[in-house]
Amino acid sequence: MSDHEDLNKAMGHWNASESYQLNPASVIVSVVFSLIFLLGTIGNSLVLAVLLRSGQVGYNTTNLFILNLSVADFFFIIFCVPFQATIYSLEGWVFGSFMCKVVHFFINLTMYASSFTLAAVSVDRYLAIRYPLRSRELRTPCNAVVAMVVIWGLSLVFAGPYLSYYDLIDFENSNVCVPGWEEHNRKVLDTCTFVFGYVIPVLIVSLSYTRTIKYLWTAVDPLDGMSESKRAKRKVTKMIIIVTVLFCICWLPYHVVILCYLYGDFPFNQTTYAFRLLSHCMAYANSCLNPIVYALVSKHFRKGFKKVFSCILSKKGRNKVHVVNVANTVPGFEAGSTEVSQMNEENARQNESEMVNRPLAQPQDTTMTITLPFQNQP
């Protein structure tokens, strides 16, 4: 018997027999994966609703990348988590050969899309903070959309081989979804996935945020010191860094387990089974953590959540009169357009100067008529 067949049978035993016999683990897995599915579906749906409802997503590159990340997380939750949960709760794979291939393809597709998006947004934040004026022509919504198309295109290219990577095998009268490629080909593909889907994006993110933090926390604005614009930059950078760190932490054990299968001595026993289960739970939980981070860090996003909930719970909210501070009317992320904040400050100074030199005008009587939105029209 070849090493390839030995590994497939061992993994078949791990996926089917071991998981089915561990009844307590099956119950725990069902609860944990159900919680991940509910939180991820609701959380990412709210993120998408807030961004799309605000109408500002098309004018801000950071919000576009956050939207792209939420779409990737939402697809992962819907197309991957429910099916992967059955590996630990059922005796075998019950969804057929096609879904065996498609589910693992979507796992890697969305993982690539998330890692590439985080790398792109880290570069975007660095340019916005370090070169707010010079980078304005580059950091346009149109270019951000092009970057998103490139991200999904590259993700399709890198994840495409996984459509043929997995196969169904028969093990103890059960169908089990396991890798079907030869060992050498598996090593090449999984190593490339680790390098291009994890290592390189993490290096880009680390370099970008190291330079961003160094500049943001040490640079001194000679005009106004710690301005509102600079505080907003720090807050949104903090939020994106937290999201990125969570991605790195949650996906690292998943890659380590796969590499240990291929290159290390990783016996199939209860301990390694538990570690594999933990690595999957951490990777899948990452897709439901981002909305929680947005809600905890971003004041404007919390307001966006409340507005979405108020629209869902009560249709009468449309007839209410809200007095809102103009500076807080955008329910998106506090990133806003950091360069716009600087331009607003400059315009304010210019307007003050014009007011001083402008001759006084004769007072005139002015009549203002206000029509409330809930008044009956004639």
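Cβ atoms here come from the backbone N, Cα and C positions, even for glycine.
The model shown is predicted, which means the values in this text are computed figures rather than measured ones.
According to the topological domain annotation in Swiss-Prot, SER26 and SER298 sit on opposite sides of the membrane. When the candidates CYS80, CYS100, CYS250, CYS260 are compared with Swiss-Prot, only one is recorded as disulfide-bonded to CYS177, and it is CYS100. Within its own chain, the transmembrane segment (102-123) has Cβ neighbours under 8 Å at 62, 65-66, 68-69, 71-73, 75-76, 79-80, 83-84, 95, 147-148, 151-152, 154-156, 158-160, 162-163, 165-166, 177, 193, 196-198, 200-202, 204-205, 208-209, 212, 240, 243-244, 247, 251, 283, 286-287, counting only residues six or more beyond its boundaries. Residue environment of CYS177 (disulfide bond) contains 28 other Cβ atoms, counted within 10 Å of its Cβ in all protein chains. Away from its own ends, the transmembrane segment (31-51) comes close to residues 57, 63, 66-67, 70-71, 73-74, 76-78, 81-82, 84-85, 88, 281, 284-285, 287-288, 290-292, 294, 301, 304-305, 307-308, 331-332 of its chain (Cβ-Cβ under 8 Å, at least six residues beyond either end).
DSSP gives CYS177 (disulfide bond) a strand state. Within the chain carrying the transmembrane segment (277-297), a Cβ under 8 angstroms from the stretch's Cβ atoms is held by residues 25, 29, 32-33, 36, 39-40, 43-44, 46-47, 66, 69-70, 73-74, 76-77, 80-81, 84, 88, 110-111, 114, 235, 238-239, 242-243, 246-247, 249-251, 253-254, 256-257, 305, 333, all 6 or more beyond its ends. Packing against the transmembrane segment (63-83) from elsewhere in the chain are residues 33, 36-37, 40-41, 44-45, 47-48, 51-52, 56-57, 95, 99, 102-103, 106-107, 109-111, 113-114, 117-118, 120-121, 124, 141, 144-145, 147-148, 151, 243, 284, 286-288, 290-291, 294, 332-333, 335: each is 6 or more residues past its ends and has a CB under 8 Å from a CB in it.
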